[in-house]
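Now, the feature entries from Swiss-Prot:
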type	residues	note
DOMAIN	300-505	domain 'MCM'
BINDING	Gly352, Asp353, Pro354, Gly355, Thr356, Gly357, Lys358, Ser359	ATP binding site
REGION	657-737	region 'Disordered'
COMPBIAS	688-707	compositional bias 'Polar residues'
MOD_RES	Ser753	phosphoserine
REGION	768-1091	region 'Disordered'
COMPBIAS	855-868	compositional bias 'Pro residues'
COMPBIAS	955-976	compositional bias 'Polar residues'
COMPBIAS	981-999	compositional bias 'Basic and acidic residues'
COMPBIAS	1051-1068	compositional bias 'Basic and acidic residues'
COMPBIAS	1080-1089	compositional bias 'Low complexity'
Amino acid sequence: MNSEQVTLVGQVFESYVSEYHKNDILLILKERDEDAHYPLVVNAMTLFETNMEIGDYFTVFPNEVLTVFDSALRRSALAVLQSLPEPEGLSMKQNLHARISGLPVCPELVREHIPKTKDVGHFLSVTGTVIRTSLVKVLEFERDYMCNKCKYVFTVKADFEQYYTFSRPSSCPSSDTCDSSKFTCLSDLSASPARCRDYQEIKIQEQVQRLSVGSIPRSMKVILEDDLVDSCKSGDDLTIYGVVMQRWKPFQRDMRCEVEIVLKANYVQVNNEQSSGMVMDEDARKEFEDFWEHYKSDPFAGRNEILASLCPQVFGMYLVKLAVAMVLAGGIQRTDAAGTRVRGESHLLLVGDPGTGKSQFLKYAAKITPRSVLTTGIGSTSAGLTVTAVKDSGEWNLEAGALVLADAGLCCIDEFNSLKEHDRTSIHEAMEQQTISVAKAGLVCKLNTRTTILAATNPKGQYDPQESVSVNIALGSPLLSRFDLILVLLDTRNEDWDRIISSFILENKGYPSKSENLWSMEKMKTYFCLIRNLHPTLSDVSNQVLLRYYQMQRQSDSRNAARTTIRLLESLIRLAEAHARLMFRSTVTLEDAITVVSVMESSMQGGALLGGVNALHTSFPESPRAQYRRQCELILEKLELQSLLQEELRRLERLQNESDQCQPHSPEVEAAPGSCRNDPRDRPGLRTPTQQEQSCSWSPAESSGGDSPTGPGLSRPTSCNHKAEDGGGRGDCLAWADPTASPEIAQESTIVSPGLKTMEEKEDLKISNNGAQGKGKHGLQKRSQLLKPGRLPASGATDTSLRSRGSESTRARQAAVVSEAGRDDDQESGPRRLPRLLKEGSQSVCTTRVRTLPPTVPFPLSISPPGPGKKTGTPKRKRQKSAQVEAPGPEGTETMSAPVVKLAKFTFKQKSKLTHSPEGQGPMPPSASKVAVDSSKIPRQRTRREAGVPAAGPGQSTSTSGDRCSEQLQGQTKALSRQPPESHRPREEKEQGPERRVIQSELELGSQAGHSHPACKKDRKEGASCSNKSKVHAGTMARLANFSFTSPPESKSESLPPERKESRDRSHNPPATTAPVLGQQRQSFQLQQPPERVNLSTLSLFTLSELDDEALDFDWDEEMRKKP
């Protein structure tokens, strides 16, 4: 730059500072220390707008322009001082520095990566994280030399490019003709403080979250001088404005010159407080406020939409997503009057089998958190997690580890159990006190680690629910107690869960699509940064619930003494505040407290009220409001807070009424074909299906390849509710026996008018039996709910179903025994083999004993209202099956012939059986039973499997005989309908308990021969009584440990309906199987409850993925059968 340009730049900058920064200059002049260095921060955008020519000079000649700025600033300060009339208390400062910030956002000036060689000499803004800070040194930047010949004194400045070394002058620079080359250094005798400055080197690293996948973060050194020294520490996020320069060490002969690129800082901006790195404008805030205004009547539906967008590549796992979202939202850090700081960050530990999606949650959380570090336990040491002492250039420096780098952010540690024992103890202080104290290599300091830790680990071998978490994952109690939540994900062997998960994965692989209802990752990042600025306060109601729950945990007999300390109450408060943030609220309400207690109960820290739950199979609730109501009833009753419960129920009723008035919706109106009554789109205030829901939706063309027979006017429903989305759940620890879940089922129960016997009936009988048997163990539990008091289905349908179920169960055992004797094939597992044996046994008996009826003309199913007080509407899966079999197609013949092919493997030997025929009835059909027990005891057996079957109309039955029912059986059934069923009810109810023990003993005796056979184990498991004193083989416990069935109360409501309805319905509906007379009820089989040592509750706080008839909008068995 020439003198004119320097003068222009100086004048423009001096006038700019005098106009815009006069107050800042006055504050500097008031300071008492005249030798200190004072910065004046100038915004580059405002300066360049004043004069664009300065911007051009600044970009081309940054070092010269910065020197001119400092000189102009001193002149401006002197002018301001002189302009004051009474400059009392003001003094002129010589060490003033202009600090440039706020560069225009463009690739030429703002960088997120380390600069390269082409950037040397340019003024840039670089963002990074401090990983190392050196000690502050004293730098001599100039010296005075005197010529020995002419005594001329001149100044020599240190060369920055050669590590601030001084080069002795080669000749005298005086204007006189002096050729002397000998000089004397005057600074050796007394180095003036004015010729020295503070000097510090730091090392910054690229931010990992801003890099592409697989990139290794690079680092570079930054030179800090004067007032910039000690402006940052290890782990800080910085935006550094400076000039990119290169430097090398002095040349040596036969040595390579090593040049490095450094950044000479002009201004350092610490971004820890505003670590989000994004600007929160009013438009974004308004968008989220409108979102919550839309879900004002049902805020949990809005929260679930956010949770569905959290890690969408993982299917279901509602509870885990809720816990991760609460941990990311974070609590509020408090500092009391004494200075004690209580952490606000929550810690989460995911314990689960391999392949349960733990690492996916860690990766997603690290992506949406602006300041995050992702590491693994096997590759981390104590120093790598905390801080490392590194010797560089002959001195020791501290290099920050993962926890320090994640200060005010998130630290994800995968394979947490791989940490060595002495490395685990090093993070105790970091997790609780939020600091790290270091005394290494003579360096003693304390660093902040205000970070949220999200860890994942595998259990040590097979997870044993009988042992504590500390034993299962081999972690000490002091470390586990620092985690606010510990969720267990058990990969139970569940066929339906595996089918849905594989279908979801394969569908996404073949047809990748992006749902419009899911939030993008940028939107999620913006939302979580926004809600961290909220500071919700606890209400009196929430305080009462949290305090009462803490007291219940302390008084629990099975409490963990290391866990139920005051840390538990602090964890509850943090999580409640986090949930209030997630719900975009400024007050912690009762809803937040109830949700936090529910999540805590489902984690391994809780369990004092209802026991734990397998978080893997929790599903998104179809009705979030109904789930919250159920949680309120369960928790507040356990906590004995009846007044709060009544008040909250009244509030929920008021909200429900308001939403119904805004959008009237009748749940009793039958859904139109092709839709689902429980579809979330039809509910007021509920969200539309997300990508995971749409991935479950099956249309007839997609599922059956166009071969599915559909009747006129009926089409297969293609919607999918959230239970179906989240899969299997039949391997869950808790039984789905919550009574609050039954009204939904009762609404969908139907009564089909007894019409003509059509081909649809017969086809449907066969198909529905296959589907019912394919459901396996789950069907028993769901059917037991259907017959609770006040929820009995139609009498005729019940009678037919009872008789067919009884004969089916007896023949199922017959088929299993015969197949065990005639065939020793152990290649099929028990859970897959039992449904096939049940099906083939019943088919074999019917096909060998029953004549084939002539086909009749198909008629459409007619649905007539049964009378007042009855609700109409067919359940979803029943309507689907009816729609499938209305028009018999080629599949019908193939399905009928399939049992014949399977039957070729087995040989059934019919034996003579004991029969019992009441008065006025013909002989019992010869295919009634194969178990030769006392005939006086068998008719009175009526166990849960017979009593718990759902209503079976023309659209669903449990027999495979179909169109092979004989006319002789029809006559027997008509005669049977005249027999009153009440004659056997008193004895049946009295002797039900003793008879179950008789059956159990007989089954144990009959199965001793094939003790090791898988099918025999499965049969004994099916045939065991529900008594808690029963002994189950150890092999079967591995499959049934996660099931829990509760038998319904034995009352008259479970008995058969009155005689009039029974006889009227039976006169129109012939039995679908070789059913015996009513009085001769046969023994049936049911699954056994887990032993008492597994302390699991039958009530669930969260929606478990139970694939019942109403939850699934499609039948997996039917779909798999139709595919070639």
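Keep in mind that glycine also has a Cβ here, set from the backbone N, Cα and C atoms.
Compared over the binding-site residues Gly352, Pro354, Gly355, Gly357, the count of CB atoms lying within 10 A of a residue's CB peaks at Gly352.
Around the Cβ of Asp353 (ATP binding site), a 10 Å sphere holds 16 further Cβ atoms from the protein chains shown. The Cβ neighbour count for Lys358 (ATP binding site), using a 10 Å radius and every protein chain shown, is 26. Within 10 Å of the C-beta atom of Ser359 (ATP binding site) sit 17 other C-beta atoms, taking all shown protein chains into account.
Gly352 (ATP binding site) falls within a strand when secondary structure is assigned with DSSP. Taking the Cβ of Thr356 (ATP binding site) as reference, residues of its chain lying under 8 Å away and at least six apart in sequence are, in sequence order, Leu489, Asp491, Leu616. Across all of the domain 'MCM' (300-505), the predicted model scores a mean pLDDT of 84. The secondary structure of Gly357 (ATP binding site), as reduced to three states from DSSP, is coil rather than helix or strand. Other than Gly352, Asp353, Pro354, Gly355, Thr356, Gly357, Lys358, Ser359, the residues of this chain whose Cβ falls within 8 Å of the Cβ centroid of the ATP site are, in sequence order, Leu350, Ala456, Asn458, Leu489, Asp491.
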